[in-house]
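Annotated features, as they stand in TrEMBL:
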{"type": "BINDING", "residues": "ARG80, ARG124, ILE125, GLY126, THR127", "note": "phosphate binding site"}
{"type": "BINDING", "residues": "GLN203, ARG205", "note": "substrate binding site"}
{"type": "DOMAIN", "residues": "40-289", "note": "domain 'Nucleoside phosphorylase'"}
Amino acid sequence: RANSIHLCNPHLEKMKEDILYHFALGTGTHDFPALFGDVKFVCVGGSPSRMKAFIAYIAEELGLGSPGGDYPNICAGTDRYAMYKVGPVLSVSHGMGIPSISIMLHELIKLLYHAKCSNVTIIRIGTSGGIGLEPGSVVITHQAVDATFKPQFEQVVLGKTVTRSTDLDEQLAKELMQCSKEIGQFNTVIGNTMCTLDFYEGQGRLDGAICLYNEEEKLQYLKEAYDSGVRNIEMESSVFAAMCYLSGLRAAVVCVTLLNRLEGDQISSSHDVLVEYQQRPQKLVGYFIKKTLGKV
């Protein structure tokens, strides 16, 4: 499981060509092993611009690019997702929420399989709302849990509810935590991440267009989440963990917290502060990649 990509779909073997529609790539038009066969690290995040900034950052860190160099979008034929590559690192945007990242992951996992990649580590880097943490803290996910704090991902397939494990690679989380200690620049914790279907009601906010609960009920819910081990909230980790586990991918989630949800709902930090916060997962994962490649 750990060495090669596992596809849980016997039907793909019968297909003459596999079109990755949302990437504007296909096995009949592109040489996947030549383009992607050397990939060992895949970093995914919501925003196309953030993933482009990450590939420029990692290129400089690994000494594989020139300052200010341009990195073409491999998925330029579509506006759904953006993909960038430098050396053994692939950087892909996934949009916002479970549906968007799951579509991307189906095609990404097939891409890695068709490219005959092995020993791949995949890490989601992103932003989140913290619970009981100072803004700017980085959370390495121990388990992705749903909005009832259960470590599972539920999906309706052919009219039936399928429940899948959201276990992530425990050793990888420990390695990332050690990297953060070596960097020593920001607070980092390992904790559970709650994955919701919505940014507003699903996360207990009071500032959406619809809200039929009070502040006391909201705080009680968030404190229950904290007591269950949840340290941050976002909208992608459960399906990410489930799909990576089924595909034999070594996976982690590393998100910075933009606010402490026990103290408010709206993100009020300045643009410059938020930009610096968003760079923290990139710095941590960049350091991890350099260390793994023996460049630290």
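Cβ coordinates are placed from backbone N, Cα and C, and glycine is handled just like the others.
Look at the Cβ of each of the binding-site residues ARG80, ARG124, ARG205 and count the other Cβ atoms within 10 Å; the largest number goes with ARG124. For GLY126 (phosphate binding site), the same-chain residues that are 6 or more apart in sequence and have a Cβ closer than 8 Å to its Cβ are GLY45, GLY46, GLU234, GLU236, VAL253, VAL254, CYS255, VAL256, PRO281. Taking the Cα atom of each, ARG205 (substrate binding site) and THR127 (phosphate binding site) are about 17 angstrom apart.
It is ILE125 that, of the binding-site residues ILE125, THR127, GLN203, has its Cβ surrounded by the most other Cβ atoms within 10 Å. Summarising the phosphate site geometry, the residues cited as binding it (ARG80, ARG124, ILE125, GLY126, THR127) extend over a maximum Cα to Cα distance of 20 Å. The two recorded residues, THR127 (phosphate binding site) and GLN203 (substrate binding site), show a Cα separation of 14 Å.
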